[in-house]
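I have placed the structure first, in the form of structure tokens, so that the comments after it can refer back to it.
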Amino acid sequence: CVFVVPEFPGLGHSGGGSTLLGYIGIDTIIEQMRKKTMKAGFDFNIMIVGHSGLGKSTLVNTLFKSQVSRWSSGWGSEHKIPKTVEIKAVSHVIEEGGVKMKLTVIDTPGFGDQINNENCWDPISKYINEQYEKFLKEEVNIARKKRIPDTRVHCCLYFISPTGHSLRQLDIEFMKHLSRVVNIIPVIAKSDTMTLDEKNEFKHRVRKELETHGIEYYPQNEFDDDMEDKNENDKIRETMPFAVVGSDKEFQVNGKRVLGRKTAWGVVEVENPNHCEFALLRDFLIRSHLQDLKEVTHNIHYETYRARRLNDNGGLHPISANNTQESNL
Amino acid sequence: MDAIMLQEKLVERLLCPRVRTARRKEKQYVGFATLPNQVHRKSVKKGFDFTLMVAGESGMGKSTLVNSLFLTDLYKDRKLLNAEERINQTVEIIKHTVDIEEKGVKLKLTIVDTPGFGDAVNNNECWKPITDYIDQQFEQYFRDESGLNRKNIQDNRVHCCLYFIPPFGHGLRPVDVEFMKALHEKVNVVPLIAKADCLTPNEIKKLKDRVREEIERFGIKVYQFPECDSDEDEEFKQLDKELKECCPLAVIGSNTVVEARGQRVRGRLYPWGIVEVENQSHCDFVKLRNMLIRSHMHDLKDVTCDVHYENYRAQCIQDMTSKLTHDNRMESPIPILPLSTPDVETDRLIKMKDEELARMQEMLNKMQQQIHDGKDQ
């Protein structure tokens, strides 16, 4: 990435603030911060939810251009549906341009696969709250670590089945229960099953249904900081949920090698904006809003959890590293 | 005279060359070889009926496929429900009837739709309304058949059930297995892979293999194509073999006509290409249509009548007689299916032997005790 250093203000009047008589170098703090964060590295925790077979693992691998899903860590090649929802977290460190990222992909096999799926989101909700609790305990400690390990879920990609009709009951129930606890980004999975018209109609219907049920997906309306943010986010909200296709295979199209899916009638190109919205999702998730996802998780979702906990307990006493306090979730 | 000549010509076409040459040798023949033709004419006059059930979650393309198969638009007045309206909906059974005529042959087609199946969060026993419906039709037919006025029996029995398996999974899901197991002994179940245009050819093959393996593993008895007669021609045998190897069929349906390769065909237009519904290298739609309508329609009806209905009838009669006879094992006038009834004589013998063994064991114990006591003394 390119880093732009702002021009230093020359001698003379600047609007409103005190006149600078020379160049101090305050702006170099940005460069110092950048160096430090690059050294420290980032961590990002993404959860993928959806019933089996919607291409979740393939999409995550395509997003991060590496084999980061649990299938690549030797979990076995048998796609057996577990009897209850399991939470499987796998971490990898990926590096790009000198920036290291510890990416944790949290998979939820078994979600929505049973005949009776009532409350199948409970294990997921429990996991998310457990991560908040872990962080809270560290924060409240007397002897705190310099950098608290962050296992909180920054983003939850929810995979909608491309039926072409509307959302399923389970989709609504899940998002209703969890949109106030974690950042949910709904995506339409395997969207190469719909023509352009069907896709647009389906997206329109889904957005309307989400609105009817008061489900706020990320980026949430209420957290827009200023007009600039709002405009940018409005545009994104209008195109969501993104209709995506994932693939880890390359094919030759017009002399170029592209990621795609080869069928008897053509090649679906994953990164072609005319074919699907994968590129939009990637840019949104990774190139522009990655940091914002973490901030919203920390400043809003985590704070909500913390406030609730402190109120419930009548105040959480700072505990030493030896004592552990029971969480009353 | 003319009519007989016409019939003879038709018969010649029906019979194979062997008989034709033989007939030429004999100058006189009886003429009952025209029977198939007579049957044909009578049934054409009467018309045929066929009841097809479609089952699967919503959004699998069931209605589109039915429209594509029968070139009709049965669902044009349908309003799609949104998720909120569907929250408290239970599985419904909706019948659409349409009369189709082609080259003088009339077909009364009934499509039984099952909206709401598998859509809820809790889908326990969501197939019960469907099995109840099928049983009801059998019961209705049974009553009519046993009744006095049998001239105008309406046959509403379900001849075939197309079950749509989503292409998004890795094989059969628990709800698929349970549904097919609940229905495989009541109706001819034909599993299909829906919306197959989202899969690459490799993925289709893998999924088909997986589904076939799971069907066998779970003991699901899907509709089996009958074996070819040995005197069928090679082409037919080859087609039959291909059909068997393709199961479950991967289908695509379409309500729209697109321009492909200079022709107007039913298809789906994507930015990366055009899927043609009737192109055999794109999907198995043509195979399904041929199987369902052109070659196996009659067999489906036969299996329904001879196997599923007879099973139901036998079970029904058995239930009735067992209620009548209660504990008595008297001979009933209505023949019951040969069950393995516990043999009274053998039971008695076994009991006797058991008692004898017990007595002998007791004697042995007593003797051992005596010896033991004797030793002590």
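The backbone N, Cα and C atoms fix where each Cβ goes, and this holds for glycine too.
According to TrEMBL, the feature domain 'Septin-type G' maps to B:46-319.
What TrEMBL lists as site 'Important for dimerization' is B:Phe168. DSSP gives B:Phe168 (site 'Important for dimerization') a coil state; it is part of no helix or strand.
Look at TrEMBL and you will find B:350-377 tagged as coiled coil.
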For B:Phe168 (site 'Important for dimerization'), the nonlocal same-chain Cβ neighbours (under 8 Å, six or more residues apart) come out as B:Cys198
Pop the mean pLDDT for the coiled coil (B:350-377) in here, whole number is fine.
80
